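Summarising the annotation, Swiss-Prot assigns disulfide bond to 43-74, 53-67, 57-73. The feature signal peptide is assigned by Swiss-Prot to 1-27.
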C-alpha cells in the first residue's frame, strides 16, 4: 500500500513540474530577440506586419499602438 502511495506522489510531482514548463505557444514573437539595428521582429498587434516594435519611433515614423511593455508599434508616415 505504501508503494502505491509513493508512486502516486511521485507521478503527481512530475505532473506538477511538467505543467509549470512554458508551452510552445509562448515561444513566439513576444520573446523575440532584437535585430542588430535595434529593431524587434514585427508584433501581431503591429498591424499585420506593417510596422516595427521599437522603444522610440524614427523621425519618418509615427507611433500606432503598443507592442508590449515600453515598446511602440512604429509605422512609416504617409
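For all residues, glycine too, the Cβ spot is worked out from N, Cα and C.
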Cα separation, residue 67 (disulfide bond) to residue 57 (disulfide bond) (Å, whole number): 12
Sparsest-packed among the disulfide-bonded residues, when each Cβ's other Cβ atoms within 10 Å are tallied, from 57, 67, 73, 74: 57
Nearest-integer angstrom distance between the alpha carbons (Cα) of residue 53 (disulfide bond) and residue 73 (disulfide bond): 5
Whole-number Å value for how far residue 67 (disulfide bond) lies from residue 74 (disulfide bond) (Cα to Cα): 9
Protein Cβ atoms within 10 Å of residue 53 (disulfide bond), excluding its own: 23
Integer Å distance between the CA atoms belonging to residue 67 (disulfide bond) and residue 73 (disulfide bond): 6
Per DSSP, three-state class assigned to residue 57 (disulfide bond): coil
